[in-house]
Each structure stands twice: as structure tokens, then as C-alpha cells.
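Copied over from TrEMBL:
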type	residues	note
DOMAIN	27-193	domain 'FAD-binding PCMH-type'
ACT_SITE	Arg171	active site
ACT_SITE	Ser222	active site, proton donor
ACT_SITE	Glu313	active site
Amino acid sequence: MYTDQRKDNQPLELSRDIPLAPFTSFKIGGPARFLTKARTLEQLKQALSFAKAEGIPFLIVGGGSNLLVSDRGFDGIAIRLQMKGIKVQGNRVEAQAGVDLMALVEHAAHWGLAGIERLAGIPGLFGGAVRGNAGAYGSCIGDVIERVHALRADTLELVTLARDACQFQYRNSRFKKDHGLVVVAASLLLEPGAPQEILSRAEATVRKRQARQLQCDLSAGSFFMNPVVRDPELIQRFETEQGTHCRDGRIPAGWLIDRARLRSLSVGAAMVSPRHANYLINTGNASAQEMVRLAELVKDEVRASLGVQLEEEVSCVGFIPAGPLPS
Ligand SMILES: Cc1cc2nc3c(=O)[nH]c(=O)nc-3n(C[C@H](O)[C@H](O)[C@H](O)COP(=O)(O)OP(=O)(O)OC[C@H]3O[C@@H](n4cnc5c(N)ncnc54)[C@H](O)[C@@H]3O)c2cc1C
């Protein structure tokens with residue numbers, strides 16, 4: 001199906017108690033009970049079967065650029081997706097989930113296919129981008145998806161979903177809502193164009209991102225999603241101050257965090273970036289606990305001062321979900 005030449009029948013290689021921090025852009029997180037790589041669809045199936053047989057949860061790790069792993073780690077099997085097949089046919093590019101997003105942008109440009117160059121510079125892998133409908137500068141991956149191939153973790157059934165069935169929304173998709181669906185590949189429908197012009201646009205996008213000087217910090221990009229705000233006064237304040245209209249009723253979380261005067265706020269070595277208030281950064285040896293406490297402080301302050309509830313964009317893994325308060 002893809003230009004992935006590796007054999008499908010290699011046995012599953014498992015490592016035990018491997019720290020996940022090096023596999024995340026935050027460089028935070030304790031060990032996974034098991035860690036494996038899935039270089040092929042068959043290896044992914046084996047890893048998921050293993051999780052089922054052992055009665056343990058699984059965690060898909062792409063580029064780790066949107067992931068906060070707890071200090072206690074992940075008591076299950078972490079599966080690093082490394083299926084890197086990619087093929088082109090006319091205006092259609094089909095890629096497996098383990099393809100680096102930037103490499104995909106460059107391949108498409110090289111083939112004279114436009115439509116994803118404004119995603120240039122977003123870290124992570126194609127599968128992670130599809131799952132979170134990654135986007136920047138007004139475009140997102142869901143805009144150009146034709147269909148997505150996903151594996152149902154419980155039955156190992158491969159399903160193909162047309163774009164409309166993927167429920168792409170702002171930083172959201174069906175795959176984000178349903179943890180049991182693992183994105184294994186997807187096809188994109190792109191527009192023909194001159195390779196050099198497409199490449200120039202991609203390079204300009206990367207330069208624009210680099211000028212913000214955010215790529216070198218240890219972060220997971222925007223920590224919170226831009227919330228839908230219903231307060232007309234706040235919307236007017238934002239629009240007047242920024243000289244722009246808010247898109248789809250959403251106000252940038254960074255602007256709200258700034259208004260709450262939280263820039264540079266820290267908990268231990270976790271800090272609200274002085275450069276971009278929606279980036280929470282690890283300034284050295286931050287623990288996940290410090291990062292989560294900082295995030296909670298930010299949420300509390302923004303809610304108290306502006307009446308807006310922020311919600312995490314980052315996937316938080318290995319934390320005990322909050323239960324009801326004891327009565
Ligand atoms: C400096 C910086 C800048 C960033 N800028 C942007 C930006 O402009 N726009 C934007 O949208 N994002 C941005 N991000 C966030 C991040 O790059 C994206 O969310 C990216 O698409 C995540 O992909 P990943 O492969 O790293 O996912 P990971 O971090 O590995 O995983 C994130 C979540 O998705 C799940 N997952 C990963 N792959 C799959 C799969 N194949 N199937 C099912 N679930 C999966 C994981 O289990 C996890 O829950 C930025 C991050 C950084 C560090």
C-alpha cells in the first residue's frame with residue numbers, strides 16, 4: 001500500500017521502565033512500564049494486542065510535541081509510531097502516521113503540490129497533526145484531508161473515514177475524542193503549483209515562526225486552546241486593543257493570560273513564557289507536577305479575573321483524573 005519497504009513480520013521489541021522525557025518536547029516525564037516502536041502496521045497491531053492481553057493501557061507517542069507526561073510515568077505500553085511510508089499520485093499525497101510533518105510539507109513542495117505550506121515548522125508527526133487538527137496562520141491539516149485510515153485498538157480493525165466523518169474542528173477531531181482510534185495513515189488532496197514558489201512560502205512560514213523565538217524553549221507549543229468567549233465587553237476589548245476581529249468567537253488564550261498579568265509567572269522551573277503567554281516552558285529541570293500546578297494557577301487566575309475557563313490543548317498523560325471532592 002505504501003512505499004514502506006520494511007518487513008511486516010518482525011517480532012515486537014519491548015523495553016522496560018524507559019523514561020519518556022527524552023521523547024517529549026517538554027523533556028518532562030517519568031518511565032513507561034513498556035516502550036516499543038511500531039515501524040509497521042503489523043508491529044502496531046502486535047503492540048496493541050500485547051496491551052489488551054496484559055490488560056494495560058497504551059499510549060501512542062508521535063513527535064511528543066504536544067505531550068505532558070506525569071513524573072510517575074505511564075503504567076502501560078508507550079508505542080512510538082515510526083511508520084514512515086509516503087506516496088504521491090496526481091494531486092493526492094498519502095502518508096503514514098510516522099512521517100515528520102515538516103518532511104511532508106517539503107515532499108509536497110518538491111512534487112509541486114500546495115496547501116500545507118503554512119503548517120511548515122509545526123513540530124511533530126503527521127498522525128499527531130491529524131489527531132489534533134494541527135494548524136497555523138489560518139490553515140489546518142483537516143482542510144486538505146481526503147480520508148484517514150485508523151486502527152481500532154480493541155478489534156484491530158482497519159477503518160477508512162472520509163473527511164466529513166473525521167469531525168475536524170479547531171484543534172479537535174474524532175481521533176482526539178476516541179482514544180481507541182489510532183491514526184495510521186491519511187491522504188491529502190492538494191493543489192498543483194510551482195515547486196519553488198511552494199517551497200518559498202514554506203520557508204517564509206518557518207522564518208516567521210523563528211522570528212517569534214519560541215522554537216528553542218522546552219514547551220509543547222500553545223498549552224491552552226483559544227476559548228470561545230461569550231462576554232461582548234471582553235470581545236470588544238480584545239478587538240479594539242488588537243485591531244482585529246476574533247475568529248469564530250475565539251480569543252487567543254495568550255491574550256487572556258496576558259490580561260490576567262501572568263506572563264513570566266513561575267512554579268519551580270515551570271514558567272509562563274515571557275515571549276508568548278500561552279507557552280508554558282520548562283526552564284531547566286521542571287517536573288510535571290510543577291507544570292501542572294502552573295497550568296492550574298493560570299486557569300484559576302484567568303477564570304477569577306476574566307470569567308473565562310481555559311482548557312488544555314496539550315495531552316496530559318499518567319495523571320490521576322480528578323475525582324469528586326470528599327463530602
Ligand atoms: C514549539 C512548538 C510550536 C508548536 N506550534 C504549533 C502550531 O502552530 N499549531 C499546532 O497545531 N500545534 C503546534 N504545536 C503543538 C504540536 O506540534 C502539534 O500538536 C503536533 O501536531 C503534535 O504532533 P505529535 O506527533 O508531536 O503528537 P504527540 O505529542 O506525540 O501526541 C499528542 C497526542 O496525540 C496522540 N497521538 C499522536 N499520534 C497519534 C496517532 N497517530 N493516532 C492517535 N493518537 C495519536 C498522543 O497519544 C497524544 O495524546 C507546537 C509545539 C511546539 C513544541
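Any Cβ shown, glycine's included, is placed from N, Cα and C.
The secondary structure of Ser222 (active site, proton donor), as reduced to three states from DSSP, is extended strand. Comparing Ser222 (active site, proton donor) with Arg171 (active site), their Cα atoms are 11 Å apart once rounded.
Counting only residues at least six positions away in the same chain, the Cβ atoms of Gly132, Asn133, Ala134, Gly135, Met225, Glu313 sit under 8 Å from the Cβ of Arg171 (active site). Its Cβ placed at the centre, Glu313 (active site) has 19 other Cβ atoms within 10 Å.
Of all Cβ atoms in the shown protein chains, 21 besides its own fall within 10 Å of the Cβ of the residue listed as 'active site, proton donor'. Mean model confidence for the domain 'FAD-binding PCMH-type' (27-193) is a pLDDT of 97.
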